[in-house]
């Protein structure tokens with residue numbers, strides 16, 4: 001029916017489909033009727049404000065508009081029951097009441113506003129909703145109510161859809177870290193970055209700073225450069241994860257709020273009295289909960305800022321007596337403090353865990369365990385459990401990370417390990433955790449068996465320092 005569109009320039013195609021008929025005479029009636037109506041919003045979209053398409057500086061007043069929505073006239077005596085019965089089809093919009101005063105009747109009636117995309121005629125009600133109306137003696141006659149909408153009544157995606165150029169992706173997703181909203185904007189969204197930041201801050205209570213990542217994570221210190229899009233330039237975040245409080249400068253350390261479940265999963269595998277070596281500890285999301293659970297922890301991170309905030313968070317959570325912290329690169333930590341402590345621990349009864357959460361590089365650090373206890377007598381008990389993380393873009397990511405771990409260790413891990421899927425990081429890129437008992441033939445092997453000392457390339461640290469805090 002495209003030949004009719006020239007006659008209905010103010011009506012969207014989907015509105016025409018809602019009113020489609022088989023004769024031309026009905027289309028004439030539709031045109032006449034539409035001229036008396038206010039604009040009707042499409043689901044999750046807002047008609048662009050006058051001059052608003054392509055807006056780069058947010059003009060909140062430009063979004064004020066009046067629309068017409070259907071309403072039911074309901075006696076006040078049964079109002080609460082009717083509202084409860086119609087909760088799926090009543091209007092649900094930020095700051096918009098579902099019940100308003102009926103201007104045409106006495107105080108004995110109210111108007112219940114309905115979602116114009118779910119209810120267009122009396123026949124739009126479900127069988128259960130229609131039965132509820134009959135049981136409360138409420139007429140299903142629809143009335144028209146003119147509703148004024150402002151910027152405050154719109155969702156963030158609606159505002160951005162109305163402003164950004166048509167055909168471009170609209171983003172309203174972000175990671176929240178305390179008062180900070182962290183976004184990853186695409187190139188075509190950058191001209192509107194400040195407007196996007198302001199909208200995100202407006203629509204999310206408690207967010208007072210919106211930032212955008214400007215490059216990939218630095219593989220040395222696991223942080224990234226960012227720019228402030230809106231709000232205050234306060235990068236010190238305060239968060240709670242699994243009942244533990246953390247504070248850190250988000251612009252100078254690594255923190256991922258999407259790993260909360262994974263942190264908890266691994267910590268629950270440790271027991272009171274166990275020892276945990278956290279090779280890439282960050283600000284302590286594995287180390288501190290493990291210490292709170294009664295484990296003894298040696299936590300290390302190369303980033304001096306992470307090391308400083310790790311110590312701060314240990315004091316904040318009153319576990320500084322159970323956590324010894326180090327500021328070394330991962331391989332130096334394994335061959336230094338870990339190597340010194342491990343023989344005595346393996347003669348004890350408690351468990352030993354090694355956590356290696358640096359997915360971009362951790363699998364390559366496994367070669368540091370080759371011959372680590374060369375010359376020591378085997379303990380005769382189970383060696384440590386390793387939890388090593390890695391990224392994979394392979395079609396079979398589990399097989400891929402196990403093969404890479406096997407190459408680093410120098411022994412096959414197939415059928416000797418468990419692989420846990422953590423999350424999808426990007427299209428065709430997964431994060432996984434390989435858990436295995438460190439083989440004795442790796443720990444105690446001779447130099448000839450390992451083929452000599454091996455060393456995977458790693459970024460040269462800007463500073464190496466070993467500071468232990470008890």
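Cβ atoms are placed via backbone N, Cα and C, with glycine included.
Caution: TrEMBL annotation is automatic and unverified by curators.
Quick caveat, the model's predicted, so the values are computed rather than measured.
Now, the feature entries from TrEMBL:
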BINDING   263, 301, 302, 329, 330, 357  S-adenosyl-L-methionine binding site
COMPBIAS  447-458  compositional bias 'Low complexity'
COMPBIAS  459-470  compositional bias 'Basic and acidic residues'
DOMAIN    174-440  domain 'SAM-dependent methyltransferase TRM5/TYW2-type'
REGION    447-470  region 'Disordered'
Neighbourhood of residue 357 (S-adenosyl-L-methionine binding site), C-beta criterion under 8 angstroms, separation at least six: 278, 280, 282, 286, 387, 389
Among 263, 301, 302, 329, 330, 357, the record's S-adenosyl-L-methionine binders - longest CA distance, Å: 22
For residue 263 (S-adenosyl-L-methionine binding site): intrachain residues, at least 6 apart, with Cβ closer than 8 Å: 241, 242, 285, 286, 289
Packing count at residue 330 (S-adenosyl-L-methionine binding site) (other Cβ atoms within 10 Å of its Cβ): 22
Listed binding-site residues (301, 329), ranked by Cβ neighbours within 10 Å, top entry: 301
Number of Cβ atoms other than its own within 10 Å, given for residue 302 (S-adenosyl-L-methionine binding site): 27
